[in-house]
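**Q** Here it is, the structure, as structure tokens.
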Amino acid sequence: MGALTESQAALVKSSWEEFNANIPKHTHRFFILVLEIAPAAKDLFSFLKGTSEVPQNNPELQAHAGKVFKLVYEAAIQLQVTGVVVTDATLKNLGSVHVSKGVADAHFPVVKEAILKTIKEVVGAKWSEELNSAWTIAYDELAIVIKKEMNDAA
């Protein structure tokens, strides 16, 4: 289990706020990165099926990516406050939705890499190993909970 320090949680919070400052741009970039890393992942998203490229200003895409980043941010705060990511109704539901959509364990490193690259681009010169580590810990701990819920739902 990976608790976060107050400093690490603050880094995640400030970079998440920068991400939120331009949701259309950053969510679009996130999905471009996901598909660069794993082109076949396109079929997992209803809003990407039948498209040749990642659509600009797509409300479903923005909402989905926004939720992903918000969940990681919330995981970071939980890790700083309690030392664990708490399983709640949202994460339980997420587990069963991911199973129904065909998400597999192998998809999690793809999302993690795209999140880290997106945040690195968002913060620019403020990127640091500590920021990378904080997002990594938060994502990894969140992924453990989601994977458990996926296994329970399967």
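Please read every residue number as a count from 1 along the shown chain.
Cβ atoms here come from the backbone N, Cα and C positions, even for glycine.
What Swiss-Prot lists as domain 'Globin' is 3-151, and the listing cites sequence analysis. What Swiss-Prot records for S46, K67, H98, K101 is heme b binding site, and it gives experimental evidence as the kind of evidence. The annotation phosphoserine is assigned in Swiss-Prot to S46 on the grounds of similarity to another entry. Under the heading O2 binding site, Swiss-Prot lists H64, citing experimental evidence as support. The nitrated tyrosine annotation in Swiss-Prot covers Y139, and the record cites similarity to another entry as its basis.
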**Q** If you measure K101 (heme b binding site) to H64 (O2 binding site) at Cα, how many Å is it?
**A** 14
**Q** Just to verify: the residue among H98, K101 with the fewest other Cβ atoms within 10 Å, which of the binding-site residues is it?
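**A** Each of the binding-site residues H98, K101 was scored; lowest Cβ tally within 10 Å is K101.
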**Q** In which DSSP state, out of helix, strand and coil, do we find S46 (heme b binding site)?
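**A** Where S46 (heme b binding site) sits, the three-state DSSP reduction gives coil.
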**Q** What is the Cβ neighbour count of K67 (heme b binding site) at a 10 Å cut-off, with all protein chains included?
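**A** Step by step: centre on the Cβ of K67 (heme b binding site), count other Cβ atoms within 10 Å, giving 13.
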**Q** Can you tell me the CA-to-CA distance separating S46 (heme b binding site) and H64 (O2 binding site), as a whole number of Å?
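**A** Taking the Cα atoms only, S46 (heme b binding site) lies 11 Å from H64 (O2 binding site).
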**Q** Looking at the domain 'Globin' (3-151) alone, can you tell me the average pLDDT?
**A** 93
**Q** Take the mean position of the Cβ atoms of S46, K67, H98, K101, the recorded heme b site. Which other residues of that chain put their Cβ within 8 Å of it?
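**A** Sorted by sequence, the hits are L44, F45, H64, V97, V103.
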